[in-house]
Amino acid sequence: MTDTDERVKHFLTTQDWSVDELTGLLELADQLKADPLNDSLRGKSVALLFLNPSMRTRTSFQVGAQQMGAIAVVLAPGQDAWGVEFAPGVVMDGDAEEHIAEVAGVLSRYVDLIGLRAFPKFRDWSHDRTDSVIKALAQHSTVPVINMETIVHPCQELALMQTLRGRFGDIAGRKMVLTWTWHPRPLNTAVANSALLIGTRFGADVTLLCPSEEYLLDPQFMDAAKANAEASGGSLQVSHDIESAYDGAEIVYAKSWGALPYYGHPEEEWRLRQHNKHFIVDEAKMALTNNGVFSHCLPLRRNVKATDGVMDADYCLALDEAENRLHVQKALMMTLAGAK
Ligand code: CP
């Protein structure tokens, strides 16, 4: 939870939204998938601030806004817009030309919604784990803020859930494996944190499969997922054994992430990482599942994180999940803008 104006409903993490609210978003997303065009946001606007690269998030928000009559303004602070300082009380004699207090204040007067992508800096996890950048935006914004990926990726969670509901109806009681997968360098834990949160929230029996204890996710997400599972009737287990984790799974969700004890020290992390190329998702592992589906948030390096055979299989839902980003974000924009 964040210390923001409680009169403004933000979308910073799905944990701030009830299961009923999330289900409402997913039902609206299904309606928008069937009937994509409407005028519900005519005259409205959304500012999309990207501190990091994006293909899917940027395109789906822009197209989604346009399909409902709104305009989207894309800004890359530090590149095509002034660099922004997010910390309070700083003597701003570095690179940033303006403070988030003014950026949020000005944008709140121009637009109806503000989205932000701000990956962690990969220097100090004790700082990055507080998600202070998007919280600073929400604190100073008088319009709803949408998390487009920080240390969680809640829009991706919604898209994953729309995809799984489309395939299974209900994921309660189904075995879902969140598997760490191989990648040549340490990546953000956001999508892994998010998959853990949303799977347990909707009652799946989630197994977190990772090479060793060093790859466990931050306790704030492990604990939240355990609490989610208790509330939903699902479960959360940790495994380092590939065969037993895949055995009987109906959902395999893959992501690579960095080992938090070595955060900011990629050379040291490599000493651990280099021994785990066999975590790649391949056809042999998928054959252990119970006719399981596979998905990934994308982008994905083929034959590094998952084989061509997995990516091209009928059971791969990665493109459906990417498409569903469009529908869930439209539902989110309509809801936050009070247009439903
Ligand atoms: N999955 C996802 O957020 O993709 P982009 O990084 O391309 O936006």
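For all residues, glycine too, the Cβ spot is worked out from N, Cα and C.
Look at TrEMBL and you will find Ser54, Met55, Arg56, Thr57, Trp82, Arg117, His153, Pro154, Cys155, Gln156, Cys297, Leu298, Arg325 tagged as carbamoyl phosphate binding site. Around Trp82 (carbamoyl phosphate binding site), the same-chain residues at least 6 positions away in sequence with a Cβ under 8 Å from its Cβ are Ala96, Glu97, Glu98.
If you look up TrEMBL, you'll see Glu149, Lys255, Leu298 marked as N(2)-acetyl-L-ornithine binding site. In the three-state DSSP assignment, the secondary structure recorded for Glu149 (N(2)-acetyl-L-ornithine binding site) is coil. On its own chain, Glu149 (N(2)-acetyl-L-ornithine binding site) has Asn52, Thr57, Arg117, Ala118, Phe119, Cys155, Gln156, Asn188, Ala190, Val191 as residues at least 6 apart in sequence with a Cβ closer than 8 Å to its own Cβ.
Among the features that TrEMBL reports, domain 'Aspartate/ornithine carbamoyltransferase carbamoyl-P binding' is placed at 9-165.
What TrEMBL lists as domain 'Aspartate/ornithine carbamoyltransferase Asp/Orn-binding' is 189-335. Helix, strand and coil residue tallies for the domain 'Aspartate/ornithine carbamoyltransferase Asp/Orn-binding' (189-335), in that order: 74 helix, 22 strand, 51 coil [DSSP].
Residues annotated as N6-carboxylysine in TrEMBL: Lys305. Counting only residues at least six positions away in the same chain, the Cβ atoms of Thr181, Trp182, His183, Ala254, Ser256, Ile280, Val281, His296 sit under 8 Å from the Cβ of Lys305 (N6-carboxylysine).
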Spatial neighbours, same chain, of Leu298 (N(2)-acetyl-L-ornithine binding site) - Cβ under 8 Å, 6+ residues apart:
Arg56, Ala318, Glu321, Ala322
How big is the Cα-to-Cα gap, in Å, between Ser54 (carbamoyl phosphate binding site) and Lys255 (N(2)-acetyl-L-ornithine binding site)?
17
Can you check which residue among the binding-site residues Arg56, His153, Lys255, Arg325 has the largest number of Cβ atoms within 10 Å of its own?
His153
Here the mean pLDDT of the domain 'Aspartate/ornithine carbamoyltransferase carbamoyl-P binding' (9-165) is 98
Same-chain residues at least 6 positions away from Cys297 (carbamoyl phosphate binding site) with a Cβ under 8 Å from its Cβ, in sequence order, are His153, Gln156, Leu160, Val191, Lys255, Ala318, Glu321
From the recorded positions listed here (Trp82, Cys155, Lys255, Leu298, Lys305, Arg325), select those whose CB sits under 6 A from an atom of ligand 1.
Leu298
